[in-house]
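Have a look at the structure below before the remarks.
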Amino acid sequence: MTYNEVINVGPFAVDLGQNSLIHNGESTYLGPLRASLLAYLCKHINKVVARDDLADSVWGRSVSDHTINQHISQLRKSLQQLSREDLTISTIPKKGYIARCESAAIAASEAMKSLFNTRVLVIESSASIAEDFSGYCLENSLHNVDVVTNINDACRMMASREFDLLVVDASIANYQGLQLIRNIRTGGTVLRPDVKIVTTFREANPSLMGFNILMDIQALMLKPVSSDQFRRQLEAAVNETVELKPTAAYQLVPFQIELRTSSVLNFA
């Protein structure tokens, strides 16, 4: 976790920058330690967190069980005083702790259902990463996701079926991926201009981030990603809304931007 990070779970948000718990627009100060403790538990909502993992992530060192129990107890009291009955912390004997939020579990279930019904096209220039993505789809039972490694195959796929979400590798040679995005937003393809789009890259490149903002891209996925991160980012993108600007605004956005990457593949 990083300073200023905000962990969202159901109707709650733990703001590490303000060391506060936010619910329905109301902010309650927790203090640095309790905020970090709650944030880490919420980051693994409805999952058991081992004591050692909690100590390493929150304290940065090994601490006694008594110390952890003491702060967990204080955090529980804070939540009870705030009448936050939907967010609870339980001790799992000999295993660790778990933060539970029923509304978060329901939201996660609904997001997964939404993703199951979404047609996704992934364009990834690296054969090995494309293979990883295909494996992630199998692991998460995402049967409506197609993975291709070049623009030509992507265009053939788009011509034969409708897609709700595109995941586009920004490092495809000759800016073909970024050009495709601009073509989509300006109505130059068979896809709807408001189709949801996620770009992928190996770093948070400033030029690419600026391009994403101007082209109303739903997210930047940093590679490599785990199976869980891949699924979560697709879920988040599916639930985003796209409000298009006038076509002329997209036409003015340059797609030949400065990208630094160790290897760029060229496709015929």
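Note that Cβ sites are derived from N, Cα and C of the backbone, with glycine treated the same way.
Here's what TrEMBL has on this protein:
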DNA_BIND  4-101  DNA-binding region
DOMAIN    4-101  domain 'OmpR/PhoB-type'
DOMAIN    119-238  domain 'Response regulatory'
MOD_RES   Asp169  4-aspartylphosphate
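Following the DSSP three-state reduction, the secondary structure of the residue listed as '4-aspartylphosphate' is strand. Look at the domain 'Response regulatory' (119-238): DSSP puts its residues at 57 helix, 23 strand, 40 coil.
According to DSSP, the domain 'OmpR/PhoB-type' (4-101) comprises 38 helix, 31 strand, 29 coil.
In sequence order, Ile123, Glu124, Ser125, Ser126, Gly177, Thr199, Thr200, Phe201 make up the list of same-chain residues 6 or more apart from the residue listed as '4-aspartylphosphate' whose Cβ falls under 8 Å from its Cβ. Averaged across the domain 'OmpR/PhoB-type' (4-101), pLDDT for the predicted model comes to 87.
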